[in-house]
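Q: There's a structure below that I have some questions on.
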Amino acid sequence: MSTSQTVHDVIIIGSGPAGYTAAIYAARAQLKPLVFEGTQFGGALMTTTEVENYPGFREGITGPELMDQMREQALRFRADLRMEDVDAVQLEGPVKTVVVGDETHQARAVILAMGAAARHLGVPGEEALTGMGVSTCATCDGFFFRDQDIVVVGGGDSAMEEATFLTRFARSVTLIHRRDEFRASKIMLERARANEKITFLTNTEITQIEGDPKVTGVRLRDTVTGEESKLDVTGVFVAIGHDPRSELVRGQVELDDEGYVKVQGRTTYTSLDGVFAAGDLVDHTYRQAITAAGSGCAASIDAERWLAEQD
């Protein structure tokens, strides 16, 4: 194990809109950020085929193209970007340590931007058809399913909200839930049930998503009788929750009951001095590229001001 003698002003963990925006702002502020992007840079947007709601791109842009442009912009300002995974951190005290392989790096401040991962069904066809009819974001992709028949999978508030939202575009929405009881709040469930475009299939699970090159249908199984059936649809929206990627910092910074990093008020300050968090790692609600980028900006500004106060 080798330890770098350089103490960086700031280390950023994670890429995606939050990490790259933090890197751009930190680099322009002459903080010379060291950024550990992970072995697959760009975050969740790397699997998003079309982004039409990010300001500045009138004709839209693909997720990978948007991330590549953000990455190139960070490089332009000489952020030190490294496609490596962080193995461990020690965030207490005036100098924080970040372990990557057999190297230990040090910094006065750390920005956490590891994001959150959408939960998946884990059925055949899901991974291959992601971006080709399978989605985890109705706000991002609903527009592309105008006048089509689609399904939403889930039983919580997010599933009800996404199903209701998708009725603005889709011809029909079938909400599939593996139980006959829902975790959703009463008001969200009633709102979905009152929508004439939404049909409920309870005690039902998807066993396979079909299509080549795009989704054409799903295979279903009744969880009570075992009876199998098929439903012709062109879209599958998976709304069974997200898992924040906070395991790296568990036991060091304060997390909420769902594992999201807690920040102070409207800032990006965490429970530890000199540690800031941004993007989907802290965001239960919006989970959009533009909001992640905004919080990445805020984290960098918070870190810059905090560092100035320490001098």
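Numbering starts at 1 and runs along the chain as it is shown here.
A Cβ is built for glycine as well, from the same backbone N, Cα and C atoms used for every other residue.
According to Swiss-Prot, the feature FAD binding site maps to 15-18, 37-44, Asn53, Val86, Asp280, 287-290. Look at Swiss-Prot and you will find Ser158, His177, Arg183, Ile240, Tyr260, Arg287 tagged as NADP(+) binding site. What Swiss-Prot lists as disulfide bond is Cys137-Cys140.
Tell me what's around each of these sites.
A: In the three-state DSSP reading, Asn53 (FAD binding site) counts as coil.
DSSP gives His177 (NADP(+) binding site) a coil state; it is part of no helix or strand.
The local packing around Cys137 (disulfide bond), expressed as other Cβ atoms within 10 Å of its Cβ over all shown chains, amounts to 17.
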Q: Counting only residues 6+ apart in the same chain, whose Cβ is under 8 Å from the Cβ of Arg183 (NADP(+) binding site)?
A: Gly155, Gly156, Asp157
Q: Measure from the Cα of Ile240 (NADP(+) binding site) to the Cα of every one of the recorded positions Ala18, Asn53, Cys137, Cys140, Ile290, then give the nearest.
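A: That would be Cys137, nearest by Cα distance.
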Q: Given the recorded positions Ser15, Ala18, Gly42, Cys137, state which is nearest to His177 (NADP(+) binding site) when distance is taken between Cα atoms.
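A: Closest candidate to His177 (NADP(+) binding site), judged by Cα separation, is Cys137.
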Q: Among the binding-site residues Ser15, Thr39, Asn53, Ser158, which residue has its Cβ surrounded by the fewest other Cβ atoms within 10 Å?
A: Thr39
